[in-house]
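See below for the structure under consideration.
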Amino acid sequence: MELTSRERGRGQPLPWELRLGLLLSVLAATLAQAPAPDVPGCSRGSCYPATGDLLVGRADRLTASSTCGLNGPQPYCIVSHLQDEKKCFLCDSRRPFSARDNPHSHRIQNVVTSFAPQRRAAWWQSENGIPAVTIQLDLEAEFHFTHLIMTFKTFRPAAMLVERSADFGRTWHVYRYFSYDCGADFPGVPLAPPRHWDDVVCESRYSEIEPSTEGEVIYRVLDPAIPIPDPYSSRIQNLLKITNLRVNLTRLHTLGDNLLDPRREIREKYYYALYELVVRGNCFCYGHASECAPAPGAPAHAEGMVHGACICKHNTRGLNCEQCQDFYRDLPWRPAEDGHSHACRKCECHGHTHSCHFDMAVYLASGNVSGGVCDGCQHNTAGRHCELCRPFFYRDPTKDLRDPAVCRSCDCDPMGSQDGGRCDSHDDPALGLVSGQCRCKEHVVGTRCQQCRDGFFGLSISDRLGCRRCQCNARGTVPGSTPCDPNSGSCYCKRLVTGRGCDRCLPGHWGLSHDLLGCRPCDCDVGGALDPQCDEGTGQCHCRQHMVGRRCEQVQPGYFRPFLDHLIWEAEDTRGQVLDVVERLVTPGETPSWTGSGFVRLQEGQTLEFLVASVPKAMDYDLLLRLEPQVPEQWAELELIVQRPGPVPAHSLCGHLVPKDDRIQGTLQPHARYLIFPNPVCLEPGISYKLHLKLVRTGGSAQPETPYSGPGLLIDSLVLLPRVLVLEMFSGGDAAALERQATFERYQCHEEGLVPSKTSPSEACAPLLISLSTLIYNGALPCQCNPQGSLSSECNPHGGQCLCKPGVVGRRCDLCAPGYYGFGPTGCQACQCSHEGALSSLCEKTSGQCLCRTGAFGLRCDRCQRGQWGFPSCRPCVCNGHADECNTHTGACLGCRDHTGGEHCERCIAGFHGDPRLPYGGQCRPCPCPEGPGSQRHFATSCHQDEYSQQIVCHCRAGYTGLRCEACAPGHFGDPSRPGGRCQLCECSGNIDPMDPDACDPHTGQCLRCLHHTEGPHCAHCKPGFHGQAARQSCHRCTCNLLGTNPQQCPSPDQCHCDPSSGQCPCLPNVQGPSCDRCAPNFWNLTSGHGCQPCACHPSRARGPTCNEFTGQCHCRAGFGGRTCSECQELHWGDPGLQCHACDCDSRGIDTPQCHRFTGHCSCRPGVSGVRCDQCARGFSGIFPACHPCHACFGDWDRVVQDLAARTQRLEQRAQELQQTGVLGAFESSFWHMQEKLGIVQGIVGARNTSAASTAQLVEATEELRREIGEATEHLTQLEADLTDVQDENFNANHALSGLERDRLALNLTLRQLDQHLDLLKHSNFLGAYDSIRHAHSQSAEAERRANTSALAVPSPVSNSASARHRTEALMDAQKEDFNSKHMANQRALGKLSAHTHTLSLTDINELVCGAPGDAPCATSPCGGAGCRDEDGQPRCGGLSCNGAAATADLALGRARHTQAELQRALAEGGSILSRVAETRRQASEAQQRAQAALDKANASRGQVEQANQELQELIQSVKDFLNQEGADPDSIEMVATRVLELSIPASAEQIQHLAGAIAERVRSLADVDAILARTVGDVRRAEQLLQDARRARSWAEDEKQKAETVQAALEEAQRAQGIAQGAIRGAVADTRDTEQTLYQVQERMAGAERALSSAGERARQLDALLEALKLKRAGNSLAASTAEETAGSAQGRAQEAEQLLRGPLGDQYQTVKALAERKAQGVLAAQARAEQLRDEARDLLQAAQDKLQRLQELEGTYEENERALESKAAQLDGLEARMRSVLQAINLQVQIYNTCQ
């Protein structure tokens, strides 16, 4: 606590800070006159000048904003020293203070400390009543400020603050706030004491109203009580540094009278008066000076003055040593510290300059070592320390760095050196620098960089690299060191290279390379290239058209080089008399010795005319005639005449000819097969010639005189062979031409054109032949392969032979070979003429029509005529007058009419009755059930006429009943009486009695009598309170725990609603389990009836989030306790996060050993109190622990004490209000009243016309005011006395309240413990839980007794259930292998079907219809196809030379008309079959539904048995678990066992055994159904296979149908032929799509069969596919037979024609043709047999399907009986199941209750 001046005057010593400051001030004043030497301390670290009063010598720099008497005398009064008589004085500060002349001057300069004898005679005083006054000190430099002492003459200020500025008043910062009421004067400012050395706080201890005089205000910048981590830190220095100091006085202390009386006299005693102001500090030199000198303009000889100009050390300068001296800037300026002077260091410039500056970036880059940068380096030096030489100078290594001549000029050629002649400035081995070394440009060398490198030329100063690189191609330059001239840059080239850069080959050469000569010759092909020149880079020669390869020696793909005999004319194509053409068949595997289709027989005197349209080149051609002699040694003389279109121009190549040159004679030698006429013929391109060949005479022996009577000469062709030796490639005269000619003759390359058969030319001839061909034909010729007859657009590059399709010949593959016809997109087809019915194996080239014998018919002469069968022995068809034709092979009638069917139309079809074999009367008539077939009201499968009653008996379809099948059967609904009406199966999910006529509504089909606990319009939902799958008859009652189930979902205690599918009960919050019988994880207290509560275990103090399900106790870690483990462990208290303490309780006085877990207060028994329960409580007496209740009167006194405590509390509240409002707050109403009176007085005084009455009123009011003020003063005095008494009473009351507070805490602890117990009791539902436990205990014992009885009896329900389960498992194992085998069989069938689908293609269909396979684009296919359209957008199919339906129009007109009628009949029959198949499908669907329902019921019954068994096992396991629990005491075990033994099963052991046997028997009977249906799997697979065969037959028949329709239209009108064919293809495409869709359906059904092998109902669905196969097979067989019959008829017609031709010149080939026809007939018979086999298989399959359907109906009746028996047994099982559930529920409840008891 600070001491006042008065107290110090009474002998108290001064504070040590002030004494030290005074001592330093005196010492500084003493030493200020002479400069002091450097203090040794400055060299070791920081040093500081002496501290003194900064006001000494600076009185003129001290100002005040308010001073009394500056403008004249001003009165003022004092409130202290009341013992003096004079209390008011005058202030006159117009002149400075003088004790003798002007003692009443109170300027601010009076506060400066002086050592005058009467220093209290002078002070500074402000003007009266001004609260805001400022005192400011403006210093001339920066100073260290340590503390401030202010000694006041009057009251200290009620509020003030001290501010500082370190920038000469530009910005200000607050040091400290002082206030009597900090919250009111400086809101938001923290209160003292400060916690940190730079905290700005508000302090109140220097603002009290006492003492009234000589009160002090002391402020230290650095509080000694607060530790300072670093006194030399910049923040500390900035806090001490000031240039200005300002004291703001903001509020005066008053006595409150100024609020009542605004007169000037009242304010005269309220002002600021200051005796002394001491500002302690020293000169601020940053630790670089120990003394200071007067600053400029400051007094130099003021005694005791602290000067402001530092006498700097450490190489610093400036007013405050804030800078380094010049040339001492190698380190950054820093304030000195203790032990470290941070002196400025001299720059190192090596004597080359005397100026430097500091660079922070340089300093940081050097690692804080050096930051000085030299300025203005001399002597050609540079660098931060002048340690480098300037550019174009280098350091002389022989001289010292400080030598002025250390840097020398560089000697480098500026043209070849870098940077214009700069050299290395110094030596640096690491960087490869050599002082003075020139740095040449990249392409320059030399010591001075004066010459170009090897391979470069043209040294230049403007070139960045110095020299230019020699532009010499290394491949064309002579190897050596210098590739070019260093001055001109010209390169030295190799022998075959030219150019400035040796980068080009000489003409005729290419491929610049590193070879010795540099380039290679072009070597262009003499014929394939246009000239001998080639590309220099690639060597590519300039090729003739369609020649490729670098040398132009190869033929472009799609083109060929012609053979020498390319110019060939066939004799078959010549003109002349009637030509005798002889066609030859090519033997497979042999090469023909002729060209074309054969020969022309030429007799003596006959002439052939060859038309030569053009030749490729004007030159001489040799005439080559190819022929074949007819007899050995045949010779001939021939003459050939050239007929030109006009005279030959004389200037043309052939202008030298004379007319006799065009007539040439030739003689054929014996055994020769060709003839070369002796003289050539000259021909020119672009001119047509006629060559006439005449056979002058011929003979068969060597003697021409012998007459010859044999056959003529067979002429094959005429060939023009160019005379190639006259070409320039042979006749050029150069060495190469001579070599080529010699090679051509040596290897006889000309023989290539002599014979038709070609072999590969030799290696020597091949290039010459290619060159010859390209010369003659100016390149290669296009292949022009016929797109329909060839397999590729490319041909053999030698000769141009295209790759032909089967049966196609010709170089371009554009002709059919002999024995083939119908040239088209697929090539040509073999004639295949029947050897029995045809005259020859050759046929017509376009239609393929063979020459038939008499009686044969058809395209191949291989069948009978229409209406007959059995080729070649044809017989009439037998069809009972109901069909016009039959199968040509089997005789089966085709297209039976009049509703008949059978092989001979001998029976009525389904839906009709009668005998079609009778000639009249018993024809087939429709069955009236109730209407005939084809109508919408026909509901019978068939009918018959009763032999006795002659009535029609209808066989109704399933779902119909009545004499005429006019009503719906039970279990069905609908209205069959109306058109389109039908009966449908009631969809009741198998939950009705199908024999009950009232089970469903007969009109709407709504289910009315649902069974098996189901409901809904389709019995598809379980009733409320039940759950399961209604479709499987497995609805079970909901089993819900009442404690965990939402009570709103339980209408009664024994019935609750649950999820109808899963059986999940509606649980309360945080309850789980299907029966809502357990809390969710981390929850507890199920017995509350409101859901489970969270465990809320502490996350880190509990072992896990789980807790006891019944008590909620978490599993605590060691050291923790409480229910949630958030408290200390048992018998401990405290905060477990900090520290736990053991309960320190006196065992003699506690109620429970556990103390309060947070306060540690022990829980005392009645009459005991204290924190440890070790003393008697209030109201008890005696010595602990013998505490006895006090006398009865204690209660009365205790009430009095409590009343006093209440009064004390009220007084305390009143005192707190007075503290907040002040003393004046109690007189607020009186003050208001006084102010009103004063207002009246002021009004009267202020009035101008004042009367006597008003004056009297004024006097009265004044007196009243004085009286009231006096009363208020007395009241205030009384209140002050009362306040003192109240404070004493308050102290006593506080002491009493402390005891009451301890009692209150003990009571609160007891109350909280009681609340906890009460909450536990509330949450535990104690009464209800107790009743539930007691009731459950009895039930559990009963359940235990019954369970033991059921489990231990022999036989028991448990053993019976296990036996039934074992039998069921054995039965399933027995059926396992059968199931697997069926599954594998279906997998194999599915694989076969999938493989077959991949083989299907539209190519054959398109080929048969349009004549093209349809696999080529429409633009390139001449016959069109599916989806093709012509230029007009019309569909395009067929055409000329197309082997499709259009091409055979002239052969099938009659067949087409007959086919149309038959197709109409077949469509009618197909419609009837379709209706029957639809009915069969519906029956199969209904049978499947019934079978599925039966299987579902059987599975449901089995599921119920298994579920009962499972629940019984769970029951037994629950009992075992309970008995094995650790907390189960013997009494509980005995009780549970008794309860279980008391349980009884509502059926005897014998009854359960009998019931299980009956169920097993029914299950075995149901297994027979699976076995029977399993046997149908083979039939299903067989039906699927037949379906595929029938579809293939149908596809073939549909193609024939479309072909016939196209034939009919084409014969009627040729213009419409293409349109009708397009219609046919549209139908074929539609049928194809149908076929694909059917195949897709088949795949889907097979996949469905695989998925449903375990369901007997799914197998019944396969009957649909079986019947569909029958329908398709029937239609396909009919169409196939019709087509076969037509083919036979056509064959018969052709046979008759062939018979006529047989008598002609073809008789010698009859046997060959007959053998071929027999082979074809065998193929037809095989197809007929296959069709008959398919028909028989289809008939057998239909019969088998009907038998299976009848068997299923019988099984259905048997199944219904079994179902009723199962329902009866199921009812008994339901009873057992309900009883078992109740037992299980009782046991579970008992287990929960016993667990809770535990």
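Note: Cβ is positioned from N, Cα and C throughout, glycine not excepted.
Within the set CYS1065, CYS1092, CYS1095, Swiss-Prot assigns CYS1092 as the partner of CYS1079, by disulphide bond. In the disulfide annotation of Swiss-Prot, CYS1114 is paired with CYS1097 out of the candidates CYS1097, CYS1128.
Residue ranges 231-257, 771-797, 1338-1364 are listed, and Swiss-Prot annotates 1338-1364 among them as region 'Disordered'. Looking at 427-481, 537-591, 867-921, 1472-1526, the range tied to coiled coil in Swiss-Prot is 1472-1526. Swiss-Prot names the disulfide partner of CYS1067 among CYS1056, CYS1076 as CYS1076. Here Swiss-Prot annotates a disulfide bond for CYS954; of CYS929, CYS983, the partner residue is CYS929.
Per-residue pLDDT, averaged along the domain 'Laminin IV type B' (561-777), amounts to 87 for this model. Proximity of distant same-chain residues to the domain 'Laminin EGF-like 5' (522-552), defined by a Cβ-Cβ separation under 8 Å and at least 6 residues beyond the stretch ends, is recorded for 504-505, 507-512, 559, 729, 736, 740, 767, 770-775, 778-782.
Broken down by DSSP into helix, strand and coil, the domain 'Laminin EGF-like 12' (1095-1142) contains 0 helix, 21 strand, 27 coil.
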